């Protein structure tokens, strides 16, 4: 039973990576064929390559972090990061890959690179998320400053009768020694 979760995660990661390659490779291959079919020249080929840099980088990071490692006997050494998680960097990397494939669909179906403008939304979205984090942090900081300013200063009125009596007595000894 030991390592069952790790083995399950390794199998899930392999399935996710396999599905990623099965979806992305044919679409990119068709886009490359369409690029050569249109014969727009070296500039268009260079632009095509530059537009695919984010997708290639994301696939590389997903593969390196999520691919499980086995020893020569087939024993699992490292299961890799969970590629099926939601709400993290992994999800954003998959989103970048899918947006790039969306741009390739535009190239295949409509013979245009204009659908690649969707990738411009990525920095806008990242800025929006960072702005939200900044506001959240700043609000906490402002609340702490307000609490410190509004905190009541210890005054004589706020002290109990017992504390007042002790201060009145001062340093006088409490017990009489013989």
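If you go along the chain as it appears here, the first residue is 1 and each next one adds 1.
Placement of Cβ uses the backbone N, Cα and C atoms for every residue, glycine included.
Predicted, not measured: the structure shown is a model, and the values here were computed from it.
Residues 141-178 are the range that TrEMBL records as region 'Disordered', among 103-140, 141-178. The transmembrane segment annotation in TrEMBL falls on one of the ranges 20-38, 39-57, namely 20-38. Only residues 6 or more beyond the boundaries of the transmembrane segment (115-133), in the same chain, are considered here, and those with a CB under 8 A from a CB of the stretch are 51, 54, 96, 99-100, 102-103, 105-107.
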